[in-house]
Amino acid sequence: MPSRKFADGEVVMGRWPGSVLYYEVQVTSYDDVAHLYTVKYKDGTELALKESDIRSQSSFKHRKSQSSSSSPSRRSSSRSRSRSPGRPAKGRRRSASQSREHKEDKKKTIQETSLALPVLVLFKPSENNTKRYNGEPESTEKNATSCIILEQKLKPDLEIKRVLEQYSLRSRKDDKKKEEIYSEKKTFVAVKPIEKVSTKTKEMEFGGRIGTFTLIFFLPATVFYLLLMCKQDDPSLLNLPPLPALESLWDWRVFGVVLLWFFLQAAFYLLPIGKVVEGLPLSSGRRLQYRINGFYAFILTAAAVGVLLYFEFELHYLYDHLMQFAVSAAAFSLALSIYLYVRSLKAPEEELAPGGNSGYFIYDFFTGHELNPRIGSFDLKYFCELRPGLIGWVVINLAMLLAEMKIHNLSVPSLSMILVNSFQLLYVVDALWNEEAVLTTMDITHDGFGFMLAFGDLVWVPFVYSLQAFYLVGHPTTITWPVAAAITVLNCIGYYIFRSANSQKNNFRRNPADPKLANLKFISTATGKGLLVTGWWGFVRHPNYLGDIIMALAWSLPCGFNHILPYFYVIYFICLLVHREARDEHHCKQKYGLAWERYCQRVPYRIFPYIY
Ligand code: NDP
């Protein structure tokens, strides 16, 4: 097996993916399995490159001297380069011999282009190109509609054309083509989107192997602890609730209902209703297709629940067996995670998640090894992300509302219960209505599908997020109308920030030329994507998290101040989002290098203005 050619720390010339441009880079590591070098560009951007995309610096110097002196054909071409051999003077008609000469010249030009281009490019990259590739905007800010989008498939060609143009190595035909390309009213930054090639995960998150191993036990234990506590009349953090008998935790009928629920939602997902959209480009440049019909699934589920209630099915069965439901859902998510890990072992390298390919079983099992596991066109991660868990959360909340009415003999639910149910219903309906936005989130674009998301989507969300409603059944809380109105205003503010921030970013990512975004400014980055610096994303770096946290507080307040339990959600959520924000910052720094630093200087606060 050939050994690696370049050593760690060596300064070499690395080809910028999708272009013919080489830049000085430093080798930081080598992956023996994928045969990829991780190299660092001067702006801090890290990429994984194949050996064939790396050259030693000396080889470039050697080629440069060759190109300028040794080859006669090159010498002649070099001379003629200044007067552009491919371009006869305007209005001059060619004779047959001139034409032959021209053909000869053209041949030479082509030969020169292919031979000398890398050398030329290497030693005199265009100022603009260099800036752009290094994440520096040509002009620091642009309005969302003012830049030029070049279709991805044209980009490598255009890059070559730009270089040819710079050194007058193009023919008139090329000129014409170029004019046509530029005259099309396109709209984005002229660089191929560069995604890091999927390779071994070097930086482990969540405390690495020990942390993820612990979390596999800690997360389920937390769910059961919270549910047990909520059942207590007087829950106290210091008094552990008595543990239930093991056999009381399992009921095959409940497990059957969980399976039925999952497959019913899967059937709704498969219905050929709703539009089909493309996700963001993968590292291979491919785009996956997704059916957007989550909202229809919600309507169908609501109809099914309505029918059950009409036939007097006692939905508070869910309340009575909540712990058993949680255990069944946890068992199902564990089985699903095992399946996902086993199938990921056969997945091709480029389909593995950037963050879940460490080579350590526990870590990859937890974070998710495969990025987009699919059975045919059925995308398992995308399906689980919003449907069984999120819609399940609303159904559990409804069951709590009915249980409260039944247990406390109420003709209408309490005001607190109405607020909690309504706020959370709004959140879920919003997520399903804007289902397409999930395609640009970290969960879809970066994280693999493993235990973390399977457990999170199918157990944590429905059973922990419904904790306030569950708490209110056993701990009735009375709030006045003015208090209810104040909490509602708080929720609306949070929702407004959350929704408009997410929509702004999502619309910008999908179509930077969207006229609705014309007033927003952004800075260009090396990847071709812009970073918004005005609007919500110019307020703080994660305005959507800010809105989400404000809403989380509004969901807890209707439960009063007797116990910290209903505030678990807001406390946990702040920790989650602070940690998630740090992860995202880290990824963005790697993706955007200097441009990200500029963004951070411009927008100094992460989530809370003037605080954090
Ligand atoms: P975000 O939607 O916040 O997306 C982060 C990405 O946005 C970055 O990686 C970057 O990706 C892009 N970005 C960052 N800054 C800018 C900018 N200035 N201009 C344009 N694009 C930018 O990530 P999440 O997936 O974490 O969150 C999505 C939503 O889900 C949030 O509202 C969050 O609150 C919510 N959420 C809810 C949870 C819950 O349990 N209820 C859990 C987690 C999240 P790129 O440049 O590659 O496009």
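Backbone N, Cα and C define each Cβ position, glycine as well.
Keep in mind that this is a model prediction, so the values were computed, not measured.
Summarising the annotation, TrEMBL assigns domain 'Tudor' to 4-62.
Residues or ranges marked as region 'Disordered' in TrEMBL: 53-110.
What TrEMBL lists as compositional bias 'Low complexity' is 66-75.
The feature compositional bias 'Basic residues' is assigned by TrEMBL to 76-95.
Residues or ranges marked as compositional bias 'Basic and acidic residues' by TrEMBL: 99-110.
The transmembrane segment annotation in TrEMBL covers 210-229 (among others). A Cβ distance under 8 Å defines the sequence-distant neighbours of the transmembrane segment (210-229), meaning residues of its chain 6+ beyond its ends; these are 204, 235, 241, 243-244, 322-323, 326-327, 330, 362-363, 365-367, 451-452, 455, 459-460, 463-464, 467, 470, 565, 568.
Summarising the annotation, TrEMBL assigns transmembrane segment to 249-271 (among others).
Per TrEMBL, the feature transmembrane segment maps to 292-311 (among others).
The feature transmembrane segment is assigned by TrEMBL to 323-342 (among others). Beyond the ends of the transmembrane segment (323-342), by six or more residues, the same chain brings 220, 223-224, 227-228, 231, 244, 248-251, 254-255, 257-259, 262, 361, 364-365, 368-370, 373, 380, 384, 449-451, 454-455, 457-459, 462-463 to within a C-beta distance below 8 angstroms of the stretch.
According to TrEMBL, the transmembrane segment annotation covers 453-473 (among others). With a threshold of 8 Å between CB atoms, the same-chain residues lying at least 6 positions outside the transmembrane segment (453-473) that come near it are 219-220, 222-223, 226-227, 230, 262, 319, 322, 325-326, 329-330, 332-334, 336-337, 340, 368, 381, 384-385, 388-390, 392-393, 396-397, 400-401, 403-404, 407, 414, 416-417, 420-421, 424, 443, 447, 555-556, 558-559, 563, 565-566, 568-569, 572.
TrEMBL lists 479-498 (among others) with the feature transmembrane segment.
What TrEMBL records for 519-540 (among others) is transmembrane segment.
Long-range contacts of the transmembrane segment (560-579) within its own chain (CB-CB distance under 8 A, at least 6 residues past either end) are made by residues 226, 229-230, 235, 237, 416, 464-465, 467-468, 471-472, 475, 477, 479, 542, 545, 548-549, 552-553, 607, 612. Per TrEMBL, transmembrane segment is recorded for 560-579 (among others).
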